[in-house]
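Pulled from TrEMBL:
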type   : residues : note
DOMAIN : 21-100   : domain 'MATH'
DOMAIN : 168-241  : domain 'BTB'
Amino acid sequence: MPPMTTASGSPSSSIAASMATGHHLLRIFGYSHAKELAPHGKWIDSRPFTTAAHSWHIMYYPNGMVTRSADHIAVFLVLDDADADAEPVTARVVFTLLDQAGKPVPWTTRATPVCKFSVYGQGLDDFLRTASATHLRRPRHYQVRCLRLQPNNLSRHLGGLLASGDAADVAFRVAGGGETFQAHRCVLAARSPVFRAELLGPTKEGGDDPAAVIEVGDMEADEVFRVLLEFVHTDALPEMRPEEEEASMCRKLLAAADRYDMERLKLMCEGRLRKHMDGASVATILVLAERHRCPSLKETCFRFLEAPRVLTAVSAAGGIELLAGSSPTLLTELIFRLFAGC
């Protein structure tokens, strides 16, 4: 299909202030003629435009793209400079119809999920129902704005910085472990008040010597500290399989998060531990919640234990003995709650 043109010969384009955001304005002249020009399943290409250092164009289907949405206008954004060997561009795209004053028509604003642009376009095959757009036939043209929002890639860049070790200015070694971890003082300090005090305070550990290695005690394994550093830089936890491995790691990370006063990491570990809670693990999780000041997780454990069948499983798994030996006050509180509920 030939490129779609406007009265001036090309669609208008502009780039928003943020490098991660750009928009393109597509003016469509002759709505009825466009429907005749491109029957169902056929499209009209806009002229290419550049935003966020990439070349793009819009595919416009005036009679729909697929059978299930034949009564809809479809719009897709295509990355022209896609390279099959390059990393895909990840973005979320928002399409909206503009009125004659150039303002968005609220009910027409539609967005795609966050998706990857490579050699295929992404968009909406049901952007606007043609029966609902009869008013578009009265003016001789209308405008569609395509806004591209590229998700924040700061965490990916910081994660890459950690992995490469570039510009690292502090090193850690877990007591009893053999691996040395390179990291960045400023990133750690920004994410944890404990790291800030240890690394930037008046008595900062390691001084100003980048070759100094800080020994980390009270950490069960090198792997726990590695995941902690990755979370500091990426704000995400890795996928862990099998489930037993995830539960074990989250128990250890919860202790590390409490030590470094990282509340978000604590909450994320709590959420994952709730998924793994059963008769064999609830007593261990309850002790952990009490020890590391997790009142919400503690309450979840108590409510879980109120079911008689759960108590039977806990007793069979040695959970009652664990509570009696590790935290008699928790056992007393549990007994009080059970009798109060009778």
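If you go along the chain as it appears here, the first residue is 1 and each next one adds 1.
Just so you know, glycine gets a Cβ as well, placed from its N, Cα and C.
Here the domain 'BTB' (168-241) has a mean pLDDT of 86 out of 100. The DSSP breakdown of the domain 'BTB' (168-241) into helical (H, G, I), extended (E, B) and coil residues amounts to 28 helix, 13 strand, 33 coil. Each residue in the domain 'MATH' (21-100) gets a DSSP state, and the totals come to 10 helix, 41 strand, 29 coil.
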